[in-house]
Every structure is written in structure tokens, then in C-alpha cells.
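Input: a single structure, listed below in C-alpha cells.
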Amino acid sequence: MISKMFGTVVVGVGIAGLARIRDLMNPMPSSPSEHLKLIGFVSRRSFGNINDAKQISLEDALKNKDIHAAFISTENKSHEETIRMFLEAGKHVLVEYPMALSAKAAHELWEMAEQKGKVLHVEHIELLTEEYKQLKKEVVGKDLVKGTLHFTGSVLDENKSGFPAFSGIARLTWLIDLFGDLTVTSATREKQKDKNYSRMTVHFQTANKKPLTWIEERGPGMRREKKINFCFTSGCLENFPEAPRSSVGLFMQDQNLFAKKLLGQVSKEELAAEKWRILRCLDLAEVIQQHCEEPEKIYS
């Protein structure tokens, strides 16, 4: 018999929200996820039921004493407000990245969660992919000389998803997780409104003053793809190492991690390191945005 159960609600029914509903209804056997019970979901659109999950109002979700945790899968721009509402209502929160579209808001929400003694968990499934785990194994212990991470993808609606440094924070998370703390040396952005094209270029320095470049490029019909070129004293890595397929889905892995936190099974050290990484990436995203939005310097 499973002792402690946490009632959950999924807020927002896009691709991520539907994956969350599926995983909550079919937890991995004998995993921490078995302690989560889906009570319902909230959406602005009217669904009635999805499989056996029933639609409830936001108000009910906030008031319901049987709901202990919210999974927030709304569009990026409403993350902040939704997290705030559920924390204020005394619920634990899992939110898809980025947790907010400003560093200030992120720090405030984290503080609020701590004051209320609630778990605030930010999904970063990019760290859970087999591709990334293999890459990290390759990089560990090597001395970086210079490196580039170049992401391409289709067009995003920035009014909903936020500035590219925030919507693309998964790439920033990789760089910080691989190479430690970074400093922004410069950041620019090229936009072609008529073509719906955007290219953000960010230059960083590692703690050892080594250069790293992040390019986030989006346009119509661009394939979702990441290219790497990391040069070390021992040689360059230009392709992702071969990676096996994982038997456990990424959202399920993330859900298990959240459940472990609810059950108090994650160490203080791990929680502190994760908090530092998440807030540091959001701080950097904001610095990048400020650099890109500075009025063009005009040299005479």
C-alpha cells in the first residue's frame, strides 16, 4: 500500500500538458510517480474529459484541498502568474522551463516557495536526454579551449514564448552544466521581420577565460537541430556521441524527480545546486536580453 499520496492538477493542455496527463495516469511501476494521483486538468479551452481525466476550473484547482501539487504546462508568458497563484494557495509546483521571463520574478517565486515550505520544480528535460548524458561523459575532465553550440528551429511567437534567451534556455542550461559558470561578454540579435527570421549570437567566457558561443536561430521551415563544436586541449568534438534510446520517457523521468522531492528523497546539496543552476541561467538570459536590446551604438 502506498502511504503518502499527492493529488495533482495539470494546468495547460498543449503537447507538454497532454504528455503530463498521460504520464500521471500511467505511472512507472514501483517508481516515485506512484505517489502522484491526477485529480483533473485546467484549460482555457473546453475539453470535458481527456481519457479519464476530468476538466476542472482554475478556481476549483486552487481551492481543492485534495490537490497538493500543480503541473504548469501553459505558454511561457503565463508561467510566472500561474506559479504565484498555486504557491499562494499552498500547493507544490512543477513548471515547464523557463519558469519566468524575468530574473527578478524567478528569484521572487523561488523565495516565496521557500517561505511557504513548498517544492518548486522546474522541468529541464534537456539534461535528461541520452544524447546529453553521453555528451557530458565525453566532456568531463577535458580542458576547453573554445566552443560553439548552434541551435536552429522553427518560428516561435515571442509574445507567448518570450525573448530567445528565455525560450532557448535549454541551450544555456547545457553550457552551464557542461562548463560551469559563464560571463556574457557580448550578445547581439539579427531580426528580419518580413522573413520571420531571428538569429541571436551570444559570446561567453568561462571562469578560465575560455570563449564559448551560443547561436539561437529560428526561421520558417528550419529543422530543429543542435550543432556542437567544442575544442579541448586533447582535440575537438564536432558530432554528438552515439546514444542509446532511453526506455523511460523524458517527462516521466522528470515526474519521478518531482515526486522524489515531494517525498523528501533528494539531498539538500542536489537541491541547492539545482536552484543555483536554474536561477543563474535566468540571470544570464536577462543579461543577454539587455545586451541585445541596447540601442545600436553609432560610431561616427
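Heads up, the Cβ atoms here are built off N, Cα and C, so glycines get one too.
In TrEMBL this protein carries:
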DOMAIN    7-124  domain 'Gfo/Idh/MocA-like oxidoreductase N-terminal'
BINDING   VAL13, GLY14, ILE15, ALA16, SER43, ARG44, ARG45, TYR97  NADP(+) binding site
DOMAIN    132-244  domain 'Biliverdin reductase catalytic'
BINDING   CYS281, CYS292  Zn(2+) binding site
Can you grab the distance from SER43 (NADP(+) binding site) over to CYS292 (Zn(2+) binding site)? Cα atoms, rounded to a whole Å.
-> 34
Hey, which of the binding-site residues VAL13, ILE15, ALA16, CYS281, CYS292 is the loneliest by Cβ count within 10 Å?
-> ILE15
Across the domain 'Biliverdin reductase catalytic' (132-244), DSSP yields 30 helix, 50 strand, 33 coil
Where DSSP helix means H, G or I and strand means E or B, what are the helix, strand and coil counts for the domain 'Gfo/Idh/MocA-like oxidoreductase N-terminal' (7-124)?
-> 48 helix, 30 strand, 40 coil
Close in space, distant in sequence - ARG45 (NADP(+) binding site), Cβ under 8 Å, 6 or more apart = VAL13
Between GLY14 (NADP(+) binding site) and CYS292 (Zn(2+) binding site), what C-alpha distance do you get in Å?
-> 30
Compare the C-alpha of CYS281 (Zn(2+) binding site) with the C-alpha of each of the binding-site residues ILE15, ALA16, ARG44, TYR97, and give the closest one.
-> TYR97
ILE15 (NADP(+) binding site) versus CYS292 (Zn(2+) binding site) - Cα distance in angstrom | 30
What is the total of other Cβ atoms whose distance to the Cβ of ARG44 (NADP(+) binding site) is within 10 Å?
-> 9
Summarise the model confidence on the domain 'Gfo/Idh/MocA-like oxidoreductase N-terminal' (7-124) as a single mean pLDDT, whole number.
-> 96
Name the residues of the same chain, 6+ apart in sequence, whose Cβ is under 8 Å from the Cβ of TYR97 (NADP(+) binding site)?
-> VAL122, GLU123, HIS124, ILE169, ALA170, THR173
Among the NADP(+)-binding set VAL13, GLY14, ILE15, ALA16, SER43, ARG44, ARG45, TYR97, as the record gives it, the longest Cα-Cα distance in Å = 22
